[in-house]
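> Annotation comment: Swiss-Prot describes GLU194 as active site, proton donor. For GLU317, the entry in Swiss-Prot reads active site, nucleophile, with the evidence type similarity to another entry.
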Amino acid sequence: MKKKGLKKTFFVIASLVMGFTLYGYTPVSADAASVKGYYHTQGNKIVDESGKEAAFNGLNWFGLETPNYTLHGLWSRSMDDMLDQVKKEGYNLIRLPYSNQLFDSSSRPDSIDYHKNPDLVGLNPIQIMDKLIEKAGQRGIQIILDRHRPGSGGQSELWYTSQYPESRWISDWKMLADRYKNNPTVIGADLHNEPHGQASWGTGNASTDWRLAAQRAGNAILSVNPNWLILVEGVDHNVQGNNSQYWWGGNLTGVANYPVVLDVPNRVVYSPHDYGPGVSSQPWFNDPAFPSNLPAIWDQTWGYISKQNIAPVLVGEFGGRNVDLSCPEGKWQNALVHYIGANNLYFTYWSLNPNSGDTGGLLLDDWTTWNRPKQDMLGRIMKPVVSVAQQAEAAAE
């Protein structure tokens, strides 16, 4: 099925020099002000160490996966200013895309205004990731790392390429798990963004079966850091016994018969991606019953996982430019927001950035003004966030 094409249209300088030497690093510990504690799953819930359900309001902030090797927007504003705004708007979870090429010794950060970001001067890309995690933790914002692509040039169908083989994919994940294992600001790993094409589920083919690969990588990560959540996206079709087409990363029908099973229990979170007609036309958008037909499609494709109490569902990407109920994209977005809220699912909205070509962002093109119509829509499913200071005060009472 024709997916969304180049959904994430970036305005970057394409400098694609490949290398394989990782930057040296020192494991980064949690700042005293960071959010404390890790999470695990309990049926379809994500809960903390005391069994209290997590209250996440999430978004994506991309850039580290691109040839800029840094977060987008730092050419306009400071990292501190942007994180302050994210927190002010009620978000406490960032899905942070990266590429394996980020860690190559030849990769250098580009397009940063160092007058606005003097503390980033001289830092290499992974140190910029460190800085984002440090600053997010100081604000009570937690991080899910997202292996978005192998090389910075574009998406890949499978979790590996000739230049970035499976061994590199896993070794980088283990490196990150070790680097942040003492820092509960980082709570999870989204193993690979949007498997599609050749990627299969339940076929048993070691070179294409994404479920088996997710188990290999998930177990490798948990052998280093058993506290992380492991987020597993779907495929687009090619599911054993069911070749129905869906969005890249969105088809999780295979979980019913072929679930991901890890050595450490209660760590798997399934994370579909879902988009609207502003990204690509799909048959269900042309159904006369649209948008009333959508909940049944979501139930069948990925929503059943939560409804049947198999595991939590975190919708890792969804977004679009228009939220007006007078247009198809607005009808789709509002219907999905209602579905997420009605079924108590988790989400990370795509995206903070305005420079995602066919979805836009929560920021407008000036990189400063918040998109109020989108925020008003998402506000219906955003949960009250208790700050670290408030938690400490409550514990002292």
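The backbone N, Cα and C atoms fix where each Cβ goes, and this holds for glycine too.
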> Can you tell me how many other Cβ atoms are located within 10 Å of the Cβ belonging to the residue listed as 'active site, proton donor'?
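Looking across every protein chain shown, the total is 26.
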> For GLU317 (active site, nucleophile), what is the tally of other C-beta atoms lying within 10 angstroms of its C-beta?
30
> Going by DSSP, is GLU194 (active site, proton donor) sitting in a helix, a strand, or coil?
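Assignment for GLU194 (active site, proton donor) reads coil.
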> Compute the C-alpha separation of the residue listed as 'active site, proton donor' from the residue listed as 'active site, nucleophile', stating it in Å without decimals.
10
